[in-house]
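Before any comments, here is the structure.
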Amino acid sequence: MWLWQSYNVCIFSSRKVIFEKQWIYLDNAIGKHYGTTFEITAGGNLQTKKNEIAAAEPKEAGADNRNIVDDGKSQKLTRDDIEALKEKGIKGQEIVQQLIENSTTFRDKTEFAQEKYIKKKKKKYEANISIVKPSTRILAMMYYAREPGKICQLRYDTLAQMLTLGNIHAGSQVIVMETCAGLLLGSVMERMGGYGSVIQMYPGTGPVRAATDCFGFPKSFYKTLYEFPLSKVESLISGTFSAHRSVHAEQDSVQGDEESNGSNAEKQEPAQDIEEDSSPATEAESTVNSNQPENQEEMEVTGEENNEKGQNLEKKQIAMEKKRKQDERRKREAEAAVLLQNKNADGHPLIHPMCLVFQPLLECYTKLRERGGVINLKLSETWLRNYQVLPDRSHPKLVMSGGGGYLLYGITVARETAKPNIRCPEKTEEPAPKKLKVAELES
Amino acid sequence: MWLWQSYNVCIFSSRKVIFEKQWIYLDNAIGKHYGTTFEITAGGNLQTKKNEIAAAEPKEAGADNRNIVDDGKSQKLTRDDIEALKEKGIKGQEIVQQLIENSTTFRDKTEFAQEKYIKKKKKKYEANISIVKPSTRILAMMYYAREPGKICQLRYDTLAQMLTLGNIHAGSQVIVMETCAGLLLGSVMERMGGYGSVIQMYPGTGPVRAATDCFGFPKSFYKTLYEFPLSKVESLISGTFSAHRSVHAEQDSVQGDEESNGSNAEKQEPAQDIEEDSSPATEAESTVNSNQPENQEEMEVTGEENNEKGQNLEKKQIAMEKKRKQDERRKREAEAAVLLQNKNADGHPLIHPMCLVFQPLLECYTKLRERGGVINLKLSETWLRNYQVLPDRSHPKLVMSGGGGYLLYGITVARETAKPNIRCPEKTEEPAPKKLKVAELES
Amino acid sequence: MSFVEYREPIQDGDTAIVFLGHDSMFPVTIKQGGQTQTKYGVIRHSTDLIGKKYGSKVTCSKGGWVYILYPTPELWTMNLPHRTQILYSTDISMITMMLELKPGSVVCESGTGSGSLSHAIIRTVAPTGHLYTVEFHQQRAEKAIEEFQQHKVDHLVRVKNQDVCKTGFGVSHIADAVFLDIPSPWEAIGHAKDALKIEGGRVCSFSPCIEQVQRTCLALTEHGFTEINTLEILLRVYDVRGINLPVPDFGTPAEEKSSDADKSKQLPASQPGTAHFKSGVSPREMVGHTGYLTFATKSLF
Amino acid sequence: MSFVEYREPIQDGDTAIVFLGHDSMFPVTIKQGGQTQTKYGVIRHSTDLIGKKYGSKVTCSKGGWVYILYPTPELWTMNLPHRTQILYSTDISMITMMLELKPGSVVCESGTGSGSLSHAIIRTVAPTGHLYTVEFHQQRAEKAIEEFQQHKVDHLVRVKNQDVCKTGFGVSHIADAVFLDIPSPWEAIGHAKDALKIEGGRVCSFSPCIEQVQRTCLALTEHGFTEINTLEILLRVYDVRGINLPVPDFGTPAEEKSSDADKSKQLPASQPGTAHFKSGVSPREMVGHTGYLTFATKSLF
């Protein structure tokens, strides 16, 4: 379930939520249809509201603003007056109306200026919310508007392109590696509708799925979802992978050594090897100063079930449950490993890392070109413009996004000398096919 | 004088020019006003044409194109028919009219499609030209449309910004260093209107002014224009500069050594030192794969006078003239050196290199920040969108420029420890002022 | 081969993409005994293609080689025979997300055009959804039906040859989403509303001109649609290439000539060098406009 | 100090810009005995500013320091008191070039507004050109006159308080260029034509809404203007900063652990590193629209 205020949406799972600094009680919303609009009353309760189309249209307007003298005295209602109205439980809409009536300059303003005035005041005093169904559209726009840092500023149109260019559909076999709070993973799962399989590759101690869990997928969807730690990729490739080593023991050692991080730009290289060999992969690279704090909150893979079962269990039961989950987890990891090993590297699939900054993708591009096995590589960016369309007042929105991330994508094909096998040695950097180089130069 | 066909313009200085593969005789244009439109007749002569507003508007149009079957047979006139019309000296406008009448599908096309059809045919068969006065607008748009490679793809809006952000105006003292065929230099000179002074710093053997000379400036403007070779910058800074050493002797040695070029990215550094110390400078850096072929054509500084005098001189006279010019040149170089040494590095002026690729400006930015003495540094790019505005058919143009170059600009101020003197040692890389660093981090 | 399900290997009757290099490719229908001409020579379907894996490298008769690719809707968009102006993948990706399409969605579309968007919709709504597409141009409607059969997706789509502005989509209250790409979309908003499910759904209209958008937005408001939002999306593809920049030669102070070799600058006179690096260069020209996308929601109320 | 001529040093009566750091600055009028408060403390005009060079670093009473900058039209645009929406330097640069302004040009402008464009025009047409600017709002017109005097450019400009749509610019056949930034520019096209020189000139109209542009283009066509061209220019300023990207840890094959130190990869298990580099990051938000610029030429015929 979702709260919607323009593009300001937030999640709730209890009957009481805090939103834009106000407590809201949701009891009145239960049983209503998705899309219903509510007004928030003084006490924080919800009251169903009929969608009013173009309410309070200004009637009288000046031709221009030549007679307006800005002396800050045009509003006769004082701040105290307005507070008093609010405390009396007067609705936002009425407060706005009173503000208009008490403005000495409103009638002299142009229609355009009146509109702006009303819009501003409405936003300030009217508190309407709608409850809408979650979807990739809703979640991607919400995260971009409210918490862009959590999703590496992955703009919704860039996400849309990843899904389309990646040919994500029911029955696909997809690898997702992202640091976007699980938003990309969720959108991939939505497009697959429970058909096919998704393997989430994760850095650190566990997969992040905060946004994924917001989609409200049926339980069956999670049966097609696997996870595999990045830190075991080398052992998987070398054939020494075993799912039975303790996950947690390894994690501790990782965290212990983190103080002595070396900084070597060359180290990025293996990231690309992974993408290539495990295609079809949809990869969103980590970006600006992301220290991946999400990775620290140990995500529960079986979190869905948790909500229903976990409430009244005693300590022993909790421990047993934990053991059961750990076993479950190892089993799934082993299954993921099998899926990864059987994956066909060649054919139609696309790979495309997304990054907010340009340089890493430039390096990625160069490395992939050198390695071969990928054709029609493109490095691109999209511009998104939103429009205000109103009679006699149409123009692009005054504020736009400066950047939604860069995208690198291509098509994997058979590599020259290596067999299409995940265990082939990727250390041998092969020269790109000659013909391809010519084609590249021609461009 | 200029030929104008949409944005397709070209220069001529004789009475016969070749344009779009056709010879045009300009005799009929002489004495006409700038802005006159001519039609080119079959023989290549010009014939004055009245500006027709919205000629040949389609009258009858289909509501949509559902009944159009594209079988390639809709035009009843054959290629031979059209050639025959042309040979008979039938004007372009009439040919287009005949094409419309002989099209079986024209009447069924939508108004939009009809419009497109007419436009296409007009462009093919009607040959109208206008003769317009040269200006920065005309030249910048022409070069960008027809010879972008010669001006490092410097788009006209980027050029416009350089002039405005550089505060170029009458009375300015400006240093220009560019590899844009002299377009930037010319536009700076236009904005200065003969007041103030311009020093063109040039790499290679001589300054490039192919585009500059197209502005048709009065002779007096060239008295404010000086040039100084980049290769003497070090000696100027160290105080060992002498204008009396032979220019040509040095050039020979330069060319002789060019085979043994080292390639060291670090070498770019001094370029920035120059920009800084010789502010106010308007600098367009050389870009993509530019081997500066223009530098090889030894430009004549006194080319203006050449046109008038040089025709009937005998060999001896030519030699004397050459000597005179060489002396003149050395004198101007010495004057430029004095101007450079007296230049005040601090105060209001701005510097801004332009570059088609991003990375060099990023390095420039970093170096300048480290060095100090420049505030409010900005690295930017503009997007330019052209619109079609027609009743019921308004939209952005279907083709747009993908990039017009990046711009780096800032304001020079007093440097911490060094005196505002061109001879101060620039090799001491000073730490940027502390406060400034904080401001930068805050952003 | 099917556009909605990946199947190996290459079989008789498949549609495949022959990739020649750098954006140069074309579709081919695989036929036992058939052959295809390329600039690198002939490809013989029976021996060179059938039974091979998609993504394979195929050597042509003249010794040159090509890749054979599995047809995705996106590759199809790049290679389909144009019967109209088509929608490209940048707009398509936005339409798909903003209409909230997913497996099981029921979608109404008009016009079918060259089928570029249709293929992408079918891919996304398969295996449980359906596309109802309406095209007023008879020849185009027939060609689309043919292509859907050839691409083995005909069970997921119904094509009708009629005018959506006059007779609508021919279905009522079953669609999750409606897409309009017609000259006067405002005349079809009522039909779009009728096609959408009672409980609501999303609508999108694509128009090149702002005047069309203005009328459509007005019609959407009049029909009670909410969340009306118009946007435009543009793609800039960078050209990745090596750059050589000449390093300027500033000369050397006269008295220091050939004396102090390891100076901090190390820039011997008359030896201009070159700086090399990789860069993404913005293209000189790009698509500046395809159309405005207007989205809206039909709510229950 | 004058906006059209650089003069040293700082003098009593000058308008100067106090620069505090990173886009934070404000204009100040220098007064013998005057003082200015900043967050770094007080600046005393007589001792700290007068007689100093522009571009100097000035230490404030609390020990912090600021720069004193020479006022250019562009710095003025960033710091002027807003009486209206103003034009910024990106649009101004395009207007200046496309109107072909240079020393000696005669320009008509309406409305004067906050004088942002006026200052830039005066700078460019000085010392031999002139600006005729018309503002229908009396208070604004008076304030503009005051500012032009203060900035020592009043000899280059004449301000009139009238409605350009009704009474035009008050001059005939003397302008090389006309600029309109008014709600209904189409009503002033006739007056613009009248103001332009007989032999022709350029006109520009700035409008936020496309409907204004449509009517203006129609009026321009009706009045015989040619080369009618509408464009829009947007500025994207990159944020240059250092980026740290974590390098993923792919672990090590078990049997090779702590055996082969100088392997080609050199990625010891459980030691994820970080990649550092400088980058220009596109801003999250930027100005998405200011207005459409419509240019046209009046020819002799």
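Cβ coordinates are placed from backbone N, Cα and C, and glycine is handled just like the others.
Fair warning: this is a prediction, and the values are worked out from it, not measured in the lab.
Some features that TrEMBL has for this protein:
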{"type": "BINDING", "residues": "D:Ser114, D:Gly115, D:Ser116, D:Leu117, D:Glu135, D:Asp181", "note": "S-adenosyl-L-methionine binding site"}
{"type": "COMPBIAS", "residues": "D:254-265", "note": "compositional bias 'Basic and acidic residues'"}
{"type": "REGION", "residues": "D:251-281", "note": "region 'Disordered'"}
Compute the mean position of the Cβ atoms of D:Ser114, D:Gly115, D:Ser116, D:Leu117, D:Glu135, D:Asp181, which form the recorded S-adenosyl-L-methionine site, and then list in sequence order the other residues of that chain whose Cβ is within 8 Å of it. D:Thr84, D:Ile86, D:Leu87, D:Glu109, D:Gly111, D:Thr112, D:Gly113, D:Ser118, D:Thr133, D:Ala144
Site of maximum Cβ density within 10 Å, from binding-site residues D:Glu135, D:Asp181: D:Glu135
Just how spread out is the S-adenosyl-L-methionine site if you go by the largest Cα to Cα distance in Å among D:Ser114, D:Gly115, D:Ser116, D:Leu117, D:Glu135, D:Asp181? 13
Quick one: give me the count of other CB atoms within 10 A of the CB of D:Gly115 (S-adenosyl-L-methionine binding site). 31
Three-state secondary structure, D:Leu117 (S-adenosyl-L-methionine binding site) (per DSSP): helix
Any same-chain residues 6+ apart from D:Ser114 (S-adenosyl-L-methionine binding site) with CB under 8 Å of its CB? Would you list them in sequence order, or say none? D:Leu80, D:Pro81, D:His82, D:Arg83, D:Thr84, D:Ile86, D:Arg140
Find, among the binding-site residues listed as D:Ser116, D:Leu117, the one whose Cβ has the highest number of other Cβ atoms within 10 Å in the structure shown. D:Leu117
